[in-house]
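K.L.:
From Swiss-Prot, for reference:
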BINDING   ASP11, HIS13, HIS45  divalent metal cation binding site
BINDING   ASP11, VAL12, HIS13, HIS37, SER38, ASP59, ILE60, GLY61, PHE64, PRO65, ASP66, SER67, ASP68  4-CDP-2-C-methyl-D-erythritol 2-phosphate binding site
SITE      HIS37  site 'Transition state stabilizer'
SITE      THR136  site 'Transition state stabilizer'
Amino acid sequence: MSEIRTGLGWDVHRIATGRKMILGGVTVPCEFGLEGHSDADVLAHAITDAILGAAALGDIGMHFPDSDPRWKGCDSLVFLRHARDLATQKGYRIVNVDSTIILERPKLKDFRQTIRERLAETLELDVDRVSVKFKTAEKVGPVGEGRSAESQAIVTLEK
């Protein structure tokens, strides 16, 4: 009988001018981006945490602390690959990724397929195993006021 594990990931980053908006490894044209030690890819960070959590391997901060200058400006897909590889080393395979980006703007619907494809390629999955959804916060709280962006992800692993 196979062993099924589920991991939940969440991340938030402040909106900042002079930064790129990178979501799921895709640069989205925008007059602002997300602030962070790495490239601040809020989606990649949430999925990374979900993989690590499902495999009981800690969290992204444990593996890539923001106090370490090696990760300054780092492409967050590096983090995602690392989590994938660690889970694989423990005998797990990623079965499914479901994620949500919560952001007032820019509107992301035109980037959905590109983001899904980039994530699927990075995780070595068929694209039909990667879901990316977009929501707004309906003008409520820091996300709704356009001051931050959040992402949530749930990952299923099988051994």
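Note that Cβ sites are derived from N, Cα and C of the backbone, with glycine treated the same way.
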K.L.:
List which of the recorded positions HIS13, HIS37, THR136 have their Cα within 10 Å of the Cα of ILE60 (4-CDP-2-C-methyl-D-erythritol 2-phosphate binding site), in sequence order.
P.N.:
none
K.L.:
What subset of the recorded positions ASP11, HIS45, THR136 lies within 10 angstroms of HIS37 (site 'Transition state stabilizer') at the C-alpha level?
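P.N.:
Near HIS37 (site 'Transition state stabilizer'), where near means Cα within 10 Å, there are no recorded positions at all.
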K.L.:
Counting only residues 6+ apart in the same chain, whose Cβ is under 8 Å from the Cβ of SER38 (4-CDP-2-C-methyl-D-erythritol 2-phosphate binding site)?
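P.N.:
In sequence order, the residues whose Cβ lies under 8 Å from that of SER38 (4-CDP-2-C-methyl-D-erythritol 2-phosphate binding site) (at least 6 apart) are HIS45, PHE64, ASP66, TRP71, LYS72, GLY73, CYS74, ASP75, SER76, PHE79.
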K.L.:
Can you tell me the CA-to-CA distance separating HIS13 (divalent metal cation binding site) and ASP68 (4-CDP-2-C-methyl-D-erythritol 2-phosphate binding site), as a whole number of Å?
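P.N.:
For HIS13 (divalent metal cation binding site) versus ASP68 (4-CDP-2-C-methyl-D-erythritol 2-phosphate binding site), the Cα atoms are 18 Å apart.
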K.L.:
Could you state the CA-to-CA distance between ASP68 (4-CDP-2-C-methyl-D-erythritol 2-phosphate binding site) and ASP11 (divalent metal cation binding site) to the nearest Å?
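P.N.:
Roughly 19 Å, rounded to the nearest whole number.
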K.L.:
Using a 10 Å radius around each Cβ and counting other Cβ atoms from all shown chains, which of the binding-site residues ASP11, ASP66, ASP68 yields the largest count?
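P.N.:
Buried the deepest by this measure is ASP11.
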K.L.:
Within 10 Å of each Cβ, count the other Cβ atoms, then let me know which of the recorded positions HIS13, HIS37, HIS45 comes out lowest.
P.N.:
HIS37
K.L.:
Return the count of C-beta atoms lying within 10 angstroms of the C-beta of PHE64 (4-CDP-2-C-methyl-D-erythritol 2-phosphate binding site), excluding that atom itself.
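P.N.:
Neighbour count, Cβ to Cβ under the 10 Å cut-off: 20.
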K.L.:
List every residue in the same chain as THR136 (site 'Transition state stabilizer'), at least 6 positions away in sequence, whose Cβ is under 8 Å from its Cβ.
P.N.:
ILE102, LEU103, GLU104, VAL143, GLY144
K.L.:
Give the number of CB atoms, excluding that of ILE60 (4-CDP-2-C-methyl-D-erythritol 2-phosphate binding site) itself, located within 10 Å of its CB.
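P.N.:
The answer is 27.
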K.L.:
List nothing but the largest Cα to Cα distance in Å, as a whole number, among the residues ASP11, VAL12, HIS13, HIS37, SER38, ASP59, ILE60, GLY61, PHE64, PRO65, ASP66, SER67, ASP68 that the record says bind 4-CDP-2-C-methyl-D-erythritol 2-phosphate.
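P.N.:
Largest pairwise Cα separation, rounded: 19 Å.
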K.L.:
Work out the three-state DSSP category of PHE64 (4-CDP-2-C-methyl-D-erythritol 2-phosphate binding site).
P.N.:
coil
